[in-house]
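In what follows, a structure is listed as structure tokens, so that the remarks can point back to it.
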Amino acid sequence: MEINKIIEINNNNNNNNNKIIENNNDNKKIIEINNNNNDNNKIIEINDNNNNNIKDKILKKENKDSILMKPPPIFITPANKDDTITVFHQGHIISIPRKLKINLKSITDCGPDGVMFRAKNEDSKEEVIVKKISVFLMKDDKMARKLLRNLLFQRHFQQHPLVSTFQSVFKRKSSENYLISNKNNRNNVRLPLLQQKGDDDIYFEYLLPEFTLLQMIHNKLLTEYNIMIFLYQLLTVVKFMHSAGVIHRDIDPSAITIDQNQCLKLTEFYFCFPSNCPVDLFFNDYDTSSFIYRAPETIWRNTTYTTAIDVWNIGVIFGEMILGKRLFKTQDFEDHLISISKLIGNPTAEDLSIVLSKSIFQYMEKIPKSTLTPSVGIKRRFKGASKDQIELLQGMLCWDPRKRMTIDQLLAHKYFSTIHDESMQIKCNEIFNLKYYPDFYKMKSDLVKKSIENEFLTPC
């Protein structure tokens with residue numbers, strides 16, 4: 001089979017004209033972000049009582065002649081339905097609609113499961129992110145179900161102001177044969193994944209975020225007030241999810257956006273799990289998620305799971321906001337459990353009483369013994385944290401999920417006394433369930449694809 005010619009694009013992004021202005025009198029830093037429109041540069045003020053220099057700029061300016069691509073046309077016609085082009089970017093070959101005015105720097109992320117672009121919606125005049133889903137993902141049963149699940153949860157939680165969901169969903173047919181090279185599979189083997197002419201490309205449109213929480217953390221842009229308000233917002237939106245009978249399982253700061261009004265939003269729900277589903281399905285696809293934010297009991301593979309999983313997850317993110325860097329840097333479950341023990345000491349016999357796996361129990365027994373207590377370990381790691389922050393960390397980062405503070409207890413803590421707002425603690429008006437998908441975890445990719453097309457495609 002003939003593979004069409006690859007167009008290689010240069011991806012140098014050396015220019016960066018964002019300005020950082022320090023105002024020592026007001027103890028603020030002002031980041032002026034050039035957004036390719038000299039009349040509308042964005043000004044973001046960030047409180048900085050410590051008056052530290054910003055080590056890295058968050059946003060990289062595009063060239064002045066950059067052209068944001070337009071989203072796929074709303075109306076499909078014989079003239080545009082097959083109008084695509086193939087390009088090469090970061091080791092991946094990607095199909096994109098030919099009439100979209102693609103500029104190299106509009107590509108923001110690329111992987112074997114899809115590619116993301118910055119774009120401008122010509123109808124709303126808003127800057128958006130458009131994600132093209134790889135056909136490879138849609139041909140894998142488990143990956144396709146994960147995509148559908150994300151859409152189902154986004155739709156269910158879209159009423160909450162701290163949830164960011166898709167604006168529209170489009171489908172186009174590929175006009176060319178091309179390869180998608182998967183560099184990051186489990187065996188680290190580079191596999192060519194062929195997409196053929198006529199295969200469907202699915203595009204999702206989202207509002208373009210100002211920042212992600214991960215960017216704010218790693219660039220040390222968070223003030224004490226930022227940390228407090230973001231933690232409070234995160235707790236309230238997760239409480240909303242819990243009220244719908246849903247455990248998030250995979251809260252990641254890279255999937256949490258922040259706008260200029262200091263409003264946090266969750267954007268991804270791929271690993272969310274309804275608490276009313278059978279326990280044997282809980283780990284069906286969970287092994288593919290990162291270990292960095294996972295609670296110990298998810299590694300121990302307990303036969304029960306609770307909302308305390310998310311409390312641990314949020315606790316890790318809270319710790320990262322305080323530190324300005326990763327709390328754990330682990331790639332496998334063994335290393336992760338050792339890293340946890342270095343932070344809060346070894347689990348007690350009572351903590352290990354919930355471990356039912358003999359092999360896991362034996363492994364935990366082999367972890368180097370330590371006299372470190374959770375209190376001492378957390379105080380040692382978070383030397384600059386306040387007393388209230390230490391109390392919250394100790395209440396969230398516990399081996400035993402039964403000993404962790406609940407979301408309600410955390411929200412009622414005195415740490416939030418100056419911003420406490422009951423009106424933010426809303427409940428979902430409907431319990432989430434998969435009643436329309438009784439065999440969801442057995443669905444094949446072709447059926448998943450039909451479900452997405454029937455339920456989520458934007459009418460043309």
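Here the Cβ of each residue, glycine as well, is placed from N, Cα and C on the backbone.
According to Swiss-Prot:
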ACT_SITE  ASP250  active site, proton acceptor
BINDING   LYS131, GLN154, ARG155, HIS156, PHE157, GLN158, GLN159, HIS160, PRO161, LEU162  ATP binding site
DOMAIN    102-416  domain 'Protein kinase'
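Taking every pair among LYS131, GLN154, ARG155, HIS156, PHE157, GLN158, GLN159, HIS160, PRO161, LEU162, the residues recorded as binding ATP, the greatest CA to CA distance is 23 Å. For the domain 'Protein kinase' (102-416), the model gives a mean pLDDT of 83. Sequence-distant contacts (6 or more apart, same chain, Cβ under 8 Å) of GLN159 (ATP binding site) comprise CYS428, ASN429. Secondary structure at LYS131 (ATP binding site), as computed by DSSP, is strand. For the recorded site, PRO161 (ATP binding site), the DSSP three-state label reads coil.
Once Cβ contacts within 10 Å are tallied over all protein chains shown, the binding-site residues LYS131, ARG155 are led by LYS131. Put simply, ASP250 (active site, proton acceptor) is 20 Å from PRO161 (ATP binding site) when counted between their Cα atoms.
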